[in-house]
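Remarks on the structure that follows.
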Amino acid sequence: MSQDTDDFGIRQFATSPVTVIRQHVLGDDLLAHGSIIAIATVASGALNYAFQVFMGRALGPEQYGVFGALFALFYIVNVFGRGIRFSATRFTAELVDDGPALASFHRKFLRQSMLFSIGIFVTLVAAAPILSDFLDVSPTLLVVAIAGTAPFGLALTVNFGTLQGVQWFTPLGGYKVLLAGVKLAAGVVLVLLGYGVFGAFTALVLASVVVFGLTTLHVRRRLPDTIPSTSSFDFSRAYRYTLPAILTGFCVTVPTTVDVLLAKAFFPSRLAGLYVAASVLGKILIFLPMGISTALFPKVSTQRGDETATNALLNRAMLYTAVIAGLGAVTYWVVPEFVLTTFYGAAYADAVPLLQWYGISILAFALASVVLNFELARSRNRFVYVFTLISVVEIALMGVFHASPLQFLHILLAGNATLVVLGIIEVHS
């Protein structure tokens, strides 16, 4: 085994794991920065899941199925937001040493993203009757509520991407927690006041508006106030990067989101509600190691010319993700009923096999997502297209084979495991 392929000290780890951990982990800035985001992710995740659990208990399985389908639609809309954030992070990392150019890029990109998000809003409003019929959701106003999350929600991703690109991880984490906190507080109040599902999504809009305003002020105060006329950025580069960035957003959002929409369309309301509960808990295994991927992206972008350094970053990111998500998957397999009844109550105990298989599927998905982020940060887009193709195949198969929710999960597991193997091959090709 060469030195390049043994960056984490695999042979040494086999004989002296404590020494390897001391040498490679305690002083690892990827882990340090990833830990900041991980702590924020745990905190915001706790608030987000409190939001989900409250809605599950307050609305009941049938209305929670409606909520879950609409929330999945919200996530799909945010495919564009993830693409915008990837682009903002990629080019912010490149411009980090040129303050005036970075300030110019941020202001122009924010303005263009706001215009784009307004276009998404108009499109969703126009399509609301069709979406309402497909999801069997009434009234149509509920779909319009999803459209309302687009303008500030998508523009907010520019600010988050900027904070990530310049590696201001502490404020980034703080704002993520604030976003989740405002959403939870507003959601609880509005639902208790009797606004139901509509109140829950109004809370998303309010949270986005508040955090968008605060992050915009934060970024502009930290960047130069005056921008010389010589400070410019070739936005055609960002536009060319947009397609793979949006596809990456599609890849990390849709395969584990569209299944909820399909479950709502194909299964009875109660069964769809059980699937939503398993899905919500399963996604914890993505969110927990998310800090590692968040810290990985700008570090790879700034060192993409040094293959040895970037491969070492990938090796560590894969290891950390496998440990974190793997522990969660084992927990879901061993004590699924305890997890379900603790978070959702006895009414969701029948979702045990769904949670078990969801956990394993998401473990593979989390590992594949690390490789996906790594390749996009290096502007190597072939794996992005492969990931997209397999994701589309997964969706098509779920549309054909839907005799039971377990079929969905077996399809996702097969696709995600394939992506892990292909991703590793691609990195070393």
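Note that Cβ sites are derived from N, Cα and C of the backbone, with glycine treated the same way.
Note that the structure is predicted; figures quoted are calculated from it, not measured.
Among the features that TrEMBL reports, transmembrane segment is placed at 30-51 (among others). Long-range Cβ contacts of the transmembrane segment (30-51) within its own chain (Cβ-Cβ under 8 Å, at least 6 residues beyond either end) map to 167, 169-170, 172-174, 176-177, 179-181, 183-184, 187, 200, 280, 284, 287-292, 294-296, 299, 313, 316-317, 320, 343.
Marked as transmembrane segment by TrEMBL: 63-81 (among others).
Annotation comment: TrEMBL describes 114-135 (among others) as transmembrane segment.
TrEMBL lists 141-163 (among others) with the feature transmembrane segment.
Outside the transmembrane segment (175-195), and at least 6 residues removed from its termini, the chain residues within Cβ reach (under 8 Å) are 40-41, 43-45, 47-48, 50-51, 54-55, 58-59, 156, 159-160, 163, 202-204, 206-208, 210-211, 214-215, 218. What TrEMBL lists as transmembrane segment is 175-195 (among others).
Annotation source TrEMBL lists transmembrane segment at 201-220 (among others).
Residues annotated as transmembrane segment in TrEMBL: 241-262 (among others).
Non-local neighbours of the transmembrane segment (274-297) in the same chain are 30-31, 33-42, 45, 48-49, 52, 56, 61, 64-65, 67-69, 86, 89-90, 93, 164, 167, 169, 172, 256, 259-260, 263, 267, 313-314, 317, 320-321, 324-325, 328-329, 332, 339-340, 343-344, 348, 350-351, 354-355, 358-359, 361-363, 365-366, 369-370, 373-374, 376-377, 405, 408; each lies 6+ residues outside the stretch with a CB under 8 Å from one of its CB atoms. Per TrEMBL, transmembrane segment is recorded for 274-297 (among others).
What TrEMBL lists as transmembrane segment is 317-335 (among others).
Residues or ranges marked as transmembrane segment in TrEMBL: 355-376 (among others).
Summarising the annotation, TrEMBL assigns transmembrane segment to 383-402 (among others). Tertiary neighbourhood of the transmembrane segment (383-402): same-chain residues 244, 247-248, 250-251, 254-255, 258-259, 262, 266-267, 368, 371-372, 375-376, 408, 411-412, 415, 418-419, 422-423, 426, selected by CB-CB distance under 8 Å and a gap of 6+ residues from either end.
Look at TrEMBL and you will find 408-427 (among others) tagged as transmembrane segment.
The stretch with the most CB contacts under 8 Å to the transmembrane segment (201-220), chosen from 63-81, 241-262, 317-335, 355-376, 408-427, is 63-81.
No contact links the transmembrane segment (241-262) to the transmembrane segment (317-335), because fewer than 3 Cβ pairs that are 6 or more residues apart lie under 8 A. For the transmembrane segment (355-376), same-chain residues at least 6 beyond its ends with a Cβ under 8 Å from one of its own Cβ atoms are 86, 90, 244-245, 248, 251-252, 255-256, 277-279, 281-283, 285-286, 289, 292-293, 296-297, 300, 310, 313-314, 317-318, 321-322, 325-326, 328-333, 336, 339-340, 382-384, 387, 406, 409-410, 412-413, 416-417, 419-420, 423-424, 426-427.
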